[in-house]
Amino acid sequence: MITTTLSSDKSRSFGFYKDTLRRLKSFILFYGAVGFVFFPLQYLMGVLRDNGYYFMGLGEVFNAISMVFYGPFLCVVPVIVAAQIFGYMHSKKAVDLYHALPIRREELLLSSFAAGFTAILGPLALNYAIVILLKAVRFGGGQEVGKVVINFLYAAVICFAALAIAAFVFTQVGTKFDSIVITLGMYVILPALYLVTMLFMSEHLYGFNVDQSINWKLLLGLSPQLLFFYLYQGDYPLSSDPNMPTLASGHVTAFVWLIIGIFLALAAAVIYRRRKSEMAENTSTGGILKVFIKIASTYLASLLMGFIFEGVFGVGGDDFSMFLLGVVLGAVLVYLTAEVILSRSFKAIFKSLPMAAGLAVLLCAFSFVMHQGGFGYVTRVPKVEDVASVTIDYRGAYGENERQGGTGRYVQNVTLEGEEAKALVIQLHRLSVEEYQQYKGEVPDDSRYYRGYNYVNISYKMAGGSTMNRSYSSKSQGFLECLARLEANQEFITKTHPVFRTQYKDLEKVTLTGASGVGNVPLTFSEEEMNQLFICMQEDLLARTYDQVVNGKPAIGFLSMDYKFDNRHNEYYSSDHSGRNQQSEYPEENFFMGGQLTLTEDFTNTVAFLKEKGYGSMLELQEGEVVGLVFRHPMYDGYNSEVISLVRDYNFNSYNSGNQTWKEEKGYVVYRDDPGLIGEILPKLHSSTINGYRCVRVDYVVNENLTANGAMEFPGGSVSNQGAYGYLAIDDLPEDVREELAEIDSEGIEYGQTTYPQVAVATESLSEDLAVQEE
C-alpha cells in the first residue's frame with residue numbers, strides 16, 4: 001500500500017477541492033433548482049397575491065409549503081453530499097486510488113468536506129439572496145431583511161453540523177449503506193431517546209408529567225436539524241417558562257452546534273489518518289457507533305412496542321403485564337433485526353441472542369422499577385418547612401383573565417409562599433399519593449361521570465434551591481376540597497383576582513348586572529368612588545370563608561370590569577395585505593383585559609356601597625320577575641372544567657317569557673312555573689358550589705315586560721333577553737322534579753357526581769401541616 005503523507009502543498013489541496021466541486025456540479029444544479037421551487041418560488045407567489053396571504057417564521061419568509069418541504073429537504077442534503085464525497089472510502093478500488101494521491105489524508109478529507117459544504121452553501125445562499133431581494137423590493141429593507149439573514153445563518157449552521165456528523169461517521173464505517181443508516185440515526189437518536197423516555201416516565205411514574213418536566217431548550221439542542229424549529233417559530237417569545245425556547249436560546253444552540261461541527265470535522269480528519277484501507281467494504285466495522293445505534297434503537301422500539309401492546313391488549317385487564325410483553329418482544333426482535341441488517345447475515349442471529357435477551361431483561365427491570373414508584377419518587381411528599389414556594393397551575397374562579405407581560409398569553413399558574421397556602425398544596429399532594437397507594441397504582445378513571453377540574457401541575461421551590469415537580473389527576477372529595485380551600489386563602493386571592501392585581505385607574509368601565517340577569521347598568525363613578533368600590537371588593541373577597549366559596553348564597557348581582565387595552569397591545573395584520581404578522585409589543589408587566597365578581601349577601605361592603613350610591617333596586621328580584629324555573633339534567637348542563645361552579649353573567653341563557661328557548665330543550669330539562677314553588681326554590685339556590693357535588697343547575701325564566709330591576713331608570717341602562725341561574729342541591733329538589741330528571745337519562749340524576757369513595761377528607765390531615773405555623 002502507498003502511504004499518503006507525501007506532500008502538504010496547499011495548491012494540491014485546493015486543486016482537489018476544485019475537482020471535487022466539478023464532480024458535484026450536477027448535484028449543485030439539481031439541489032439549487034429543488035430549493036428554488038420550495039423556497040424562493042413559494043415566497044414570490046405569496047407576495048404577488050393581494051388577499052392577505054401571509055408568511056411565518058423568522059423574517060416571515062415561509063409559507064405552508066416551504067415549511068413542510070424545505071426544512072426536511074435541507075436535513076437530508078448533507079447525507080447525500082457525504083455519500084458522494086466520502087463514498088470512495090467504502091470501495092477497495094477507489095480507496096487505493098485516492099490514497100495514492102500526493103496529498104495527506106487529513107487534507108484529503110478536509111478538502112472534500114470543504115467542497116461538499118460549498119456545494120450546499122452556494123445554492124442555499126443564492127436562494128436566500130433571491131428571497132431577500134424580493135422582500136426588500138416588496139416591503140423595503142431594514143430589520144426584516146436582517147432577520148432573513150439570521151435565518152440563512154441558521155440554515156448554514158444546520159447543514160455544516162450535519163455534514164460534520166456524516167464525515168465523523170463515514171470515516172469509521174466500512175460500507176456506504178451502513179454509513180448512511182448510522183448517520184441518519186445519529187441525526188434523530190438523541191431527541192428520540194429523550195422524548196420516548198419522557199413519555200414512558202409520564203405513563204408509568206405516577207406524578208410525572210411530560211409537559212411539566214420536558215426541557216424544550218435541551219430537546220431542540222440534541223440535533224442540529226431541530227434548529228429549524230427556531231426558523232419556523234419566528235422571533236416571538238413562547239412563554240416565560242425558562243425551559244421553553246426563545247430566539248436567544250436558539251442563537252446559543254446554533255453557536256454550540258457550530259463548535260461541535262468544527263470539532264467533529266477535525267476529529268474525522270484525525271480518525272481518517274489512522275483508518276486502514278482494508279476497512280473498505282467491511283461490514284464488521286463501525287465499532288462503538290454501531291453498538292450505540294443498535295442499543296439505542298432497541299431501547300426506543302421496545303418501549304414503543306410496550307405502549308402498543310398496553311394500548312391494544314391491556315384494556316380491561318393487566319395493562320402493565322402487556323407493556324412488559326411488548327418490551328420483551330420489541331427488544332429481541334429489533335436488536336436481532338438491526339444485527340442482521342448491519343452484518344448482512346442471518347448467521348448473526350444466534351450470536352446476538354444472548355445480548356438481545358440481556359437487553360430485554362434490563363429494560364423490563366427498568367420498567368418495573370419505574371412502575372413501582374421509581375425508588376421513592378411516587379411516595380415522596382415534602383414538608384412545609386422544606387418548601388420555599390410552590391407554583392400550581394390552578395387560579396380559581398376569578399383568575400382566568402390575567403395576561404402575561406411581554407407575550408399577552410394567559411397566565412395559567414400562581415406562586416404561593418405563605419405557610420397556609422403551601423400546606424394546602426402539600427395536602428393535595430399527600431391525598432394524591434394516598435389515593436395511588438389505596439388503588440395500588442390503578443387509580444380509577446370516572447371522567448365519564450365527573451366533568452370538573454381534576455388535573456394540576458405542582459412545582460415546589462425547595463428551601464435548598466432545588467425544584468420538585470409533580471402532576472396529579474383525581475376526582476376524590478379531598479382532592480377537590482383542597483383546591484376549593486385555596487380559593488378562600490387570602491394569599492391565593494390577592495395573587496389571582498384582578499382587583500388586587502390592578503388599580504381602579506386601569507378600568508375602562510364597570511357594569512352592574514341585576515339579580516335576574518336582565519338589567520345592565522354602567523357605573524358612572526368618580527375616581528374617588530371607584531377607588532372606594534375597589535377597596536370594598538377587596539375587603540369582601542378577603543373575608544370569604546370556605547363555606548361561602550363552596551356554598552355561596554344566591555347571586556344578587558354581577559360586576560363586570562373592562563380594563564383599558566389599546567391597539568398597541570393587540571396582535572393584528574398589516575392593512576396593506578402584505579401578509580406580515582405585525583405582532584406588537586405587550587407591556588412588560590402582567591395585565592388584565594377584564595374581570596368580574598358575583599355578588600351575594602356575604603359581600604356586605606360592596607353591596608352596602610352600591611346601595612348607598614342608589615343601585616339597591618338592581619340587587620333585588622322584583623315580585624313576579626322570575627316566572628319560571630328550568631331544571632337542567634346534569635348530563636346536559638354543558639362542560640365545566642372548573643373546581644368551583646360559579647354563576648357568571650356571561651353564562652346566562654336566553655330564558656324569558658317572550659323568548660322561550662327552554663321549550664326547544666324539551667326532553668333535557670324540567671320546567672316549572674308555579675309561583676309558590678319558585679318562591680320556595682329561589683332562596684335555596686347557590687351562586688357557587690364544588691363542580692359535580694350533587695347539584696343541578698336551575699335557570700330563571702324572566703318576565704321581560706318588567707323594567708329589569710329598574711335598569712332603564714339609570715343612564716346607559718339596558719335590558720337583555722337573558723336570565724340568570726343558580727345551583728340547587730339534589731336533596732332540595734322537589735320530588736316530582738327529581739323523578740322527571742331521573743327519567744331523562746339512563747344514568748339517572750347522579751350523572752356528573754363523584755362515584756368512588758374519597759381517600760381522606762382534606763380537613764382531617766390538613767391540621768398536621770398547618771400546625772407547623774404554630775410551632
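Placed from the backbone N, Cα and C atoms, the Cβ positions cover glycine too.
No curator has checked TrEMBL annotations; they are predicted automatically.
Just so it is clear, the model here is predicted, and its values are computed rather than measured.
Among the features that TrEMBL reports, transmembrane segment is placed at 28-48 (among others).
Sequence annotations record features per position, and here TrEMBL assigns transmembrane segment to 68-89 (among others).
TrEMBL lists 109-136 (among others) with the feature transmembrane segment. Outside the transmembrane segment (109-136) by six or more residues, the chain places 13-14, 16-18, 20-21, 24, 27-28, 31-32, 35-36, 39-40, 43-44, 47, 59, 61, 74, 77-78, 81-82, 84-86, 103, 144-145, 148-149, 151-152, 155-156, 159-160, 163-164, 167, 171, 265, 268-269, 272 with a CB less than 8 A from a CB of the stretch.
According to TrEMBL, the transmembrane segment annotation covers 148-173 (among others).
For the transmembrane segment (179-202), the residues of the chain that approach it from at least six positions outside its boundaries are 75-76, 79, 82-83, 86, 90, 162, 165-166, 169-170, 173, 208-210, 213-214, 218-219, 222-226, 286, 289-290, 292-293, 296-297, 299-300, 303-304, 307, 341-342, 367, 370, judged by C-beta separation under 8 angstroms. Residues or ranges marked as transmembrane segment in TrEMBL: 179-202 (among others).
The transmembrane segment annotation in TrEMBL covers 252-271 (among others). Sequence-distant contacts of the transmembrane segment (252-271) (same chain, six or more residues past either end, CB-CB distance under 8 Å): 105-106, 109-110, 113, 153-154, 157-158, 160-161, 163-165, 167-168, 170-172, 217, 220-221, 224, 227, 230.
Sequence annotations record features per position, and here TrEMBL assigns transmembrane segment to 291-309 (among others). Same-chain residues lying 6+ beyond the ends of the transmembrane segment (291-309) with a Cβ under 8 Å from its Cβ atoms: 181-182, 185-186, 189, 192-193, 196-197, 199-200, 203, 322-331, 333-335, 338-339, 342, 356, 359-360, 363, 367.
Annotated transmembrane segment per TrEMBL: 321-342 (among others), in sequence order.
Taken from TrEMBL, the feature transmembrane segment covers 349-370 (among others).
Residues annotated as domain 'DUF6449' in TrEMBL: 460-614.
Computed over the domain 'DUF6449' (460-614), the whole-number mean pLDDT of the model equals 81. The transmembrane segment (148-173) is not in contact with the transmembrane segment (321-342), judged by fewer than 3 CB-CB distances under 8 Å for residue pairs 6 or more apart in sequence. Sequence-distant contacts of the transmembrane segment (349-370) (same chain, at least 6 residues past either end, Cβ-Cβ under 8 Å): 200-201, 204-205, 295, 298-299, 302-303, 306, 323-324, 327-328, 331-332, 335-336, 339-340.
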